[in-house]
Amino acid sequence: MDYIIELIKYIILGIIQGVTEIFPVSSSGHLVLFSNLFLGGEDINATLTLFLMITNMGSFLALLIYYFKDVKELVVDSFNFVFNKEKRKEIIVQENISYAVKLIIAIVPIGIAGLLIKDYLPTNLLSIGISLIITSLLLFLVFLLRNKKFSNDITFKNAGVIGLIQMFAVFPGISRSGITLVGGLSQKIEIKKVMRFSFLCYLLISIPVSGLGLYDAIKNPGTMSDIPGFSLAFIFSFIFSLLTIKIMHKYVTVKNLIWFSLYALTVGLVSITLYII
């Protein structure tokens, strides 16, 4: 019975990761909060850190499937631009290589920030709560722009600004998808375009992160303490990420970002309250 309860915990963690990775409410913040509520307040140790990477891989696979056509076009046209002189002249190839470069520009800052400071960031309930409240305030500020016209395409300057803002997502509790929405919408870029750009950034970022996670698993096989549990979390993270991205693209608008703002505020206050008591 105890082991079944443990497996249920893994399933819940996978669902939390799948939903909160896509919605702008911070998956890292929710998973830290969950570990405190259901795992007896344990710190995020090597095993849990690896677990977070595995559930992230579930989200990665879901987004890769959802955006497979876009990813395929970007990869193929990038190779065509480099190796095929005739294809290089085609407008669509030039547009796709330009978009790929913008994605790279946008992920460089968070990559550097992650390497330099990620190991030194606090992951207690107080810091998580504060970060979630910051996420809430940023989403609310963008909500105030709901009556503005959003029509701009993403330029190299836009990508740079989004990248600099996205850098702050290394702080647990700051939603990466949320802060990229803020970065894009504040530059009057249409929300569907920002979402596509944001999640393609996530796919690029996840490749080295997942690679490091697999390396750590091979290097420290003891951290893979519960393969069935990890597998369940991966599966449920994948399923719920795929469901949530479909909901996100179909229903999320600038006007209803207020609900995510209120939700992040509520969870942030709960996190701070739990820290105090």
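Each residue, glycine too, has its Cβ placed from N, Cα and C.
Annotated features, as they stand in Swiss-Prot:
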TRANSMEM  3-23  transmembrane segment
TRANSMEM  48-68  transmembrane segment
TRANSMEM  97-117  transmembrane segment
TRANSMEM  125-145  transmembrane segment
TRANSMEM  198-218  transmembrane segment
TRANSMEM  227-247  transmembrane segment
TRANSMEM  257-277  transmembrane segment
Legend entry - Feature contact check the transmembrane segment (97-117) with the transmembrane segment (257-277), CB under 8 Å, 3 or more pairs: no
Legend entry - Cβ-based contact of the transmembrane segment (3-23) with the transmembrane segment (227-247), 3 or more pairs under 8 Å: yes
